């Protein structure tokens with residue numbers, strides 16, 4: 001990201017969104033916020049993203065990098081600056097003390113304790129503008145965090161790989177690999193920014209997955225998600241999911257909402273279980289997003305990506321809408337959200 005000057009507030013917010021994505025997965029339990037500081041001539045004088053827990057928020061990181069050039073400048077940030085004391089002082093204090101001229105943000109802070117920053121800034125004489133690229137931010141880097149704030153439960157993304165005829169394995173049960181290497185690398189990148197990976201005991205017993213996030217060279221990513229195994233069956237002590245490469249939690253239930261309550265301290269959960277677990281979560285309305293890696297192969301046979309979802313006729317079909325479609329190597333990645 002070597003942009004030195006912007007021509008519009010929207011362009012500056014686009015850069016702030018990039019900074020937000022850059023820190024996603026490293027800021028838990030704080031939201032992954034990005035900030036850019038622009039002087040009156042459109043020159044970027046400071047930028048940054050939220051630091052890990054205990055570190056500074058994005059606005060303060062950007063102010064630190066801007067130094068005295070922040071005076072009279074425009075601060076563009078993906079979320080309303082906070083107005084409370086936590087492990088760090090309120091961001092509004094730093095903005096007022098830096099004598100910035102204007103603060104532009106995308107989405108309001110829904111936290112009743114931390115919110116109210118916009119009003120505080122206005123009262124101090126700063127110009128404040130809200131809602132810039134709000135939909136892009138809310139559906140992008142802050143999607144999972146905002147869901148957690150609204151519901152108190154983690155955001156669940158069901159990820160699966162399938163052939164173009166909807167099969168998750170061949171008739172003999174083999175599935176390595178349906179998706180391409182490029183798709184698998186993309187998945188590992190997503191694992192590295194998730195808080196937890198969720199599978200059932202059936203997947204562990206059948207496939208013995210490690211459920212780790214890895215880099216392109218095969219080494220472990222610096223940050224590993226919590227591995228969560230759901231079900232009442234025992235798994236062998238030598239199972240790879242129990243190795244010391246990451247932490248593992250066992251949740252002995254078949255009820256999706258019990259699982260989510262047990263993970264209520266998490267924000268972003270990847271459901272990678274097989275058709276039984278996926279079906280249970282879909283029936284419970286516990287999936288917020290679907291990521292389907294579709295490979296250009298035909299398998300036929302009985303092994304579908306999902307079991308019964310409680311639909312007996314076409315009228316009662318579970319209807320989703322496409323969020324995005326992109327090419328990942330030879331595969332397609334379909335992203336869908338609930339209507």
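The backbone N, Cα and C atoms fix where each Cβ goes, glycine too.
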Practice task
Figure out which of 191, 233, 289 sits with 175, 211, 214, 272 in the substrate site per Swiss-Prot.
Solution key: 191
Handout entry: residue 161 (NADP(+) binding site) versus residue 82 (Zn(2+) binding site) - Cα distance in angstrom
Key = 40
Handout entry: For residue 57 (Zn(2+) binding site): DSSP state (helix, strand, coil)
Key = coil
Exercise for the section: Run through the Cβ atoms and count how many others sit within 10 Å of the one on residue 276 (NADP(+) binding site). Expected result: 17
Problem - Of 59, 272 (the recorded positions), the residue whose Cβ has the fewest other Cβ atoms within 10 Å - result: 272
